[in-house]
Every structure is written in C-alpha cells, then in structure tokens.
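Trainee: Take this structure first; my questions come after.
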C-alpha cells in the first residue's frame, strides 16, 4: 500500500471513530439534560443517559437478533456514562439546561447521520429488505431518544415536535440502500448517507424547517 | 382433490387472509386515532400506527426468539402503514375520531380473535406449556395496543377500562389449547378459537358487559 | 457425604428457594399495590403484577439471549400471580395500601439481594465483562419495578426517590464479581452478595439513608 493511501485510511478510520464518539456523547447528554429537568437521582440519571446513548442500537440488535451489543464489546462507554452522570450531578445548574440543549443540536445531527446510516447498513448486511433496513436505521438513531422520553413519562419528542428529524433519517436511509443497490461499498454507502443526513439536519436547524401539521 | 374441496380450501385460505387484513387494519387505525388525538406529527403517527398494528406479534416473537417478524416477511404492510398515515394527516378531522373509534370496535374484535388464537397456536408449536401459550396469544393481540398507549403516555386502555377484552382473549386462548390437546388440527383450533373470541367480544360490545371493579 | 453435610445442603437449598419465593412475592405485591392505587381492572392488575415480579429477569434474559424464561420453566408462578390478583381484587382496601407498602419494604430488600446477586452471576457465566454483569444484576432486580411504573404512567420510583436502592444493588453486584474473580464458587458469591445487598438495604431503610441530590 502506498504511504498516501495508508495515511488516508488512518484518517478515515479515526475520523469515523471521532464522529461516533461525538454522536454518542450528544445522545448521552440529551439523556443527562432530561434527567436534570426531571430531577432524577444519580441512578435514574445514569440509566436515562445510558438509554439515550445506547437504547436505539440495542433495540435494533434485539430485533435483528445480533449479539454482542455495542456496549458489551466497548465497556469503556459504560464507565463514560457513569462518570458523565456523576460530573453532571456536581456541576450542572438549571441555567445550563437550555443553552446546552441548543448547543448539542449540532453534534446530535452528527449522531443522527452516522447511526442511521450505520444501522441501515447493518440491517442490509443481515439480509433485511430495503424498507426494513431503513426502519432499522431510523430505530438505531431515534429510539434511544424515544425510550429516554417514555421512561421519564413524556410523549417522545421525535413524535410531537413537528421537526424534520426522523423524517430526514428515513430519507437518508434510502441513500444508503440505493448506493448499496448500485454496488457501492459498505464504507462509501455509510459515509455518503451520514453526510446527507447530517447536512439536511443542519439545514433544518438553520432554516427552522417544519413538518406539515394536522388540520384537525 | 374434488372440485368442491378445492373450492372450500380456496375459500378458507382467502377468507383467513381477509380476516387477518381486517384485524390488522383495525389495530392500525386504533394507532392512527390515538396519534390524531395527541396531535403527533407524521413520523409519530406512522410509528404509533406501526406499534399498534405489529407491536404485539413482534413482542411475542422476541419472547419466543422467533424470526423473521411478520412485517419483515410482508414488507407490503410497512408501506400500507405509511400510506395510511399520510392519508390520515390529509383527511382526518377531529369530528371523525369518536365515530371511527366506535365503528372500528367490530373489526377490532375480529383482530382480537384471529391474533389471540393464532398467537396461542404459534406458542404451542414452539413447545410452550399451556398457560404460557395462552399468555403469548393475549400478548399477540393486546400488547400492540398496550405499547401504543404507553408510548403516548396513557395508562393502557386494556388495563383500566374494565371491559372484557383481554379477559375474553385469555378465555379463548384456552379453547385453542384444549382443542389441540384433544387432537384437533392447528387449523381447526385456530378457527374455532378465533370465532369464540370474536363472538364473545361482539356480545360484550352489544350488551356492554363490564369486568368486576375494585371495592376500594 | 456425612449426615451433617447433607442436612446443611438441604437447609441451604431450601432456604435459597424460600428466599426466592419471599423476594418474588414482595416484587409481585409491589405490582398489586400500584395496580390498586391506579384502580386498574383485574386484567391490568394481573399484567402489572406479572411485570413487577418477572419483568426484570425477562429483560435480562432477552438481552443475554437466554431461554427459557423463569416463568416458562416454572409456570406455577403464573398461576400464583393470577390467584394473587383475584384475591387482591376481593380483599384489598384503600386503607391497606400504605401499610402494606411499608411492610413489604423488608421482603423486597431480600428480593433486591437475591435477584441482583443471581442476575450478576448468570451474566458472568454467560461470559459478560464485569461491569456488564453488574448492570445485568441491577436490571434483574430493578427493571421489574421500572416496567411496572412506566406502564402505569409514573416516572420509575427507582429513578426519582433518592433512596439508595439500585445504588446498593450496583455496589453489591461488585461483591459477586470480586468473589468470582478470586475463585469463590458461584454459590458462595451469590450468597455473600445477596447478604451484603439485603443487609445494606435494611440499614438504608432503618437509618433513612438518602442519595445526594441536585443542587440545581
């Protein structure tokens, strides 16, 4: 392998991991904020943070009957959630909640892209039909937040806020499916899918896009 | 095979499928109505509709460790849910909700019968003991509605409305178990079980049967 | 085997089973009380009681991909839940709820000990890393109560009451892991772990220990 190629490889591998870390942290922080808002104790906070970060991928793996789970293979992440929860208990104040939520919308968009695209690809490799693979991708990225909200007794934000979030994930899942169908490698499909989803989500935040509403 | 027999076979097969379609649509519509009542967006509506229609059978299959799920093998149903959700967003008005709910009580009773009886039979074939098979039947027919209600932050209707719904399913599951135990074919057990459950549920609606209540 | 040893064996085996029965009944009763408080009907009561008693172990087994479930192998427990629910409907009065809840805090502590220690050991034997095994132990003992609360539309008590409950389970799970790591038998690890957890929980009740709270 030429030196440039191995540098490119190194860059892609590590930036991929970096984006995964960014996305997972953003999802975990959404759990922390929800726990703080509800004044959960340290145990509740750790559990809601854990659900927000890993609930979606875990549900996908249960549905696809895949083992081991991400957090079983990467136990360091469990420790990260516990440390984050303890730090939050010490340092988070009410005045931090709303600014943090707004600030994490951007890394959260990265998580939406990378986990939808990755989840769709995993489901395709498990032999799922296209529409099922796209749904598995959406579940991977969105159901951590759904479980987070259900467990603290809120209607899932993803179901009621009329923002294009899961809808963008759904559209982007099809990019992964189509690229796979025309013979692109798993790697290219996931990267392009993730970039499309994250890009659309950035646009949705910047321009305050809204989903159509009921004319009840 | 004589011509009459093959006509009978044809009739039974297709009417079975027709009843399944009727039951699934009734369950899906219960999700749509709940989503409309809570003013969920299109994404939330599709997800709650999906949960209401397929959540029970999916939970049963996860518990029994069966794959593939019904909606993985019959992906056309996923499209049906998406189209239904889009149509509902366009055409459903507040004044439609209550009359639709009342009108769908009847096809819903067909779904209760066919999915309880079918779920019980599937669990028997998976080697479950009688009481477990009956519970799996009840889960198949009832837990879609339970998940639908939990996710939109309501106490499951099946747990609080004091109507004989799951109780009828539970009783009818035993019909399937008993028929199997005395050597009836899977087909006969399911058909008789489904007819008993749907018939009892019709009577419960007509005569407004109630479950005994707390004397707290 | 000497006579004393076989008597000791007999005693340990049966007292182990007795503690399991005590713990399971305490968990089931917590479900009954919650159902009574929410005035669920008989069906809802049976389901919430079942979730409270077996939800945690069932979730652990789904995550570890273990079958059969405890209640599939021991169907007598399903009948016990049904009979308990029917008896509760006949005999429980509003004035019983709070005293029963206080009285069951003690057998509940036994359940917390035995099911956390047992769940941790089961996960270790399934090859899980230490931290995952401890979390599986906590899930076994605590998530029945979490599911019980989520399904009746309450924020899980284990997440908000600022009492050391899951936190004690978490600490005690490490006792099981450490004993296993230094070569103790599964039996010794579970017994010591359970005694430590139940003992700490007794102390927490007696001295009204509290978890640190938010300084929001």
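Here the Cβ of each residue, glycine as well, is placed from N, Cα and C on the backbone.
Not my notes, these are from TrEMBL:
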- A:18-92: domain 'Glycine transporter' (DOMAIN)
- A:106-180: domain 'Glycine transporter' (DOMAIN)
- A:12-33: transmembrane segment (TRANSMEM)
- A:40-56: transmembrane segment (TRANSMEM)
- A:76-93: transmembrane segment (TRANSMEM)
- A:105-124: transmembrane segment (TRANSMEM)
- A:130-152: transmembrane segment (TRANSMEM)
- A:164-184: transmembrane segment (TRANSMEM)
- A:190-211: transmembrane segment (TRANSMEM)
Trainee: How about the transmembrane segment (A:190-211) with the transmembrane segment (A:130-152) - do they touch, taking at least 3 C-beta pairs under 8 Å (6 or more apart in sequence) as contact?
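Mentor: Answer no, regions not in contact.
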Trainee: Would you kindly list the residues that approach the transmembrane segment (A:12-33) from elsewhere in its chain, counting only those six or more residues past its ends and only Cβ-Cβ distances under 8 Å?
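Mentor: Hits for the transmembrane segment (A:12-33): 45, 48-53, 56, 77, 80-81, 84-85, 88, 92, 97, 100-101, 104, 107-108, 110-115, 144-145, 148, 187, 191, 194.
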Trainee: Based on DSSP, tally up the residues of the domain 'Glycine transporter' (A:18-92) by helix, strand and coil.
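Mentor: Computed counts for the domain 'Glycine transporter' (A:18-92) are 63 helix, 0 strand, 12 coil.
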Trainee: Count the residues of the domain 'Glycine transporter' (A:106-180) that DSSP assigns to helix (H, G, I), to strand (E, B) and to coil, and report the three numbers in that order.
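Mentor: Tallied per class, the domain 'Glycine transporter' (A:106-180) gives 61 helix, 0 strand, 14 coil.
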